[in-house]
């Protein structure tokens, strides 16, 4: 008998038929002798349509009220799933985040979970209930409803898992696991049976969209195993586990991001401005993928940021306001980034292999970065798919067949 | 400056355009110097469509979970109205029933309000906010979400009004007031500027559907004036006030109900069974409009109930199970009831007038009842409209023109 937390995303609960499939699966797991906690997202599409309604009445809706509005979707899923499980002859009870004591910061629309009280959940599990909890939401210390931002239901599931010391957290979605590369780009990409938390965090940060980064960090912190799998095929997916539980492997997967821009501030007399610029970017919550800085040939400081293309104009204006000199900023659009993820990828041999690929194919990297578990190359967007396939062939296919 | 509670029903907040009209009206009232509390219903049609979704997944959904599901509609209205008011340049904040301390019994789907904490509402009013509260819902002592049953938002508005000692409660709806009779049946029916609580309770119980009975009882208990008016024309409607504030008047209005049945249990050896029968009816929450009992010509006890036609079969089966004798029950379908409402209607002169109308027109009453403020006649359904017009002409038109 295990204590299992299962999380179901929006596509898994989007209509009556899908809800009934989920109910059957939860009941099957319960009948196998497990204690079941289920975390649900809003029905697919509902959050977007609620945002649209909000924008109809207010061009810039209050964050607090937006959270009151957006939290209803998960409540609908939770109540309906509870009814569907009871219809199958098992006791079920739903709780909203605030009801089950999910305490968060008061950063509306992007709150962080501070604490979860396990008592109510455990009490209902012990009286043989399936416990259903709304994902994505909680309450601040004054009882205001808060939401955790996009993908926040994954974080709810892991945080609940940690609070009740669950044996495992299963994240059900519309893909059947994590692949060595995007199968739409790289035909021979394969499903990865197991990755480490560190690798998963690198993958999420470098373009793999399946798991919310914060949820993996939380799982790593509390040592909760995550099983990412499909709510459509119900087959085994990918396990995300502690590093110490992993067998060693070189390259776990190749990820990519497109639609990036590089913004370079040149001719800086000193680097005194840099911390100011970083503060501006932090305040506006602008996601900077890579930063590189140094002296350029003429002896001036220079700093480059890699960011979403759609943010480039706004950010360059923000920086211009700060620095007061237009000519200092250079923007390159139409970039992408390809990354190799895996423990030990920073080895000289691997970096050498990629250099050879780039040279042989006439692809010029615009930026590069490496960490213990990732190697990233920023290239012209038109070269992203090609580079991805080449790196997959060289770094994954060859070592698999070796 | 007044402290005003305004309640808006489902048709008043059913789409963006209506919500914006409501926001403008609330802001207009605020700019006139009033402190504003607004109670909202779910967008028109939403509650019914949620019930339909529930029935798709469970043939008999748990009451608790149904309340979790149904409470989202008001939450959507409240958040959107708050945003619409902010767009007009005023501060607004929404609260769910549980957030604002609306404590109820744990009768799911039909809970009663036990208490409301005024602190949070007053705090926000004093910091110049429009305070918006979800109607129809609260929480029991364990924090479970409860709903108050159909029309419960009216009750929320009056209970909030009582808790904060509001100067008046305005109930906005899609009709523009209370009429002396249904204008679709009686052409010369007129809008009543003012009725007493007692008269309003009689009217609600005898077929007038505009105000929820419980809300009027609550208003009477706490002496809160209600102004029932239209959210479409925004014109003055009907005031419901304490009896002592009313000018005396004979007949205030004529109401009617159709689709009734009379169920008579005859040949009872003793009336021992009667209390058992009443208990059954009470447990099933069957609304009995009238009861009459007595001895029939053969010396047996006899009891008659007037109830909804659609309940007649179910109720007669329940009673048969209890009494174990089929022949004892007689059911008459296709009945209706016409009532004259007003302080002093039980006068001999008035009762005599109605008797004359019934005789002159060959209408035979099947049951009758009278109270200090109502006179009711149960007749064949086909005679209801005719009797209503005749009574309106005789008891209202004549005294108006006198």
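Backbone N, Cα and C define each Cβ position, glycine as well.
According to TrEMBL, the feature domain 'Aspartate/glutamate/uridylate kinase' maps to B:3-229.
Around residue B:209 (ATP binding site), no same-chain residue six or more apart in sequence has its CB under 8 Å from its CB. Residues or ranges marked as ATP binding site by TrEMBL: B:7, B:8, B:9, B:10, B:173, B:174, B:179, B:184, B:209, B:210.
Here TrEMBL flags B:47, B:74 as substrate binding site. On its own chain, residue B:74 (substrate binding site) has B:40, B:41, B:42, B:96, B:97, B:134, B:135, B:136, B:137, B:153 as residues at least 6 apart in sequence with a Cβ closer than 8 Å to its own Cβ. In the three-state DSSP assignment, the secondary structure recorded for residue B:74 (substrate binding site) is helix.
Recorded residues residue B:173 (ATP binding site) and residue B:47 (substrate binding site) have their alpha carbons 17 Å apart, per Cα-Cα distance. Taking the Cα atom of each, residue B:9 (ATP binding site) and residue B:47 (substrate binding site) are about 12 angstrom apart.
The secondary structure of residue B:47 (substrate binding site), as reduced to three states from DSSP, is helical.
Cα spacing between residue B:47 (substrate binding site) and residue B:179 (ATP binding site): 28 Å, rounded to the nearest whole number.
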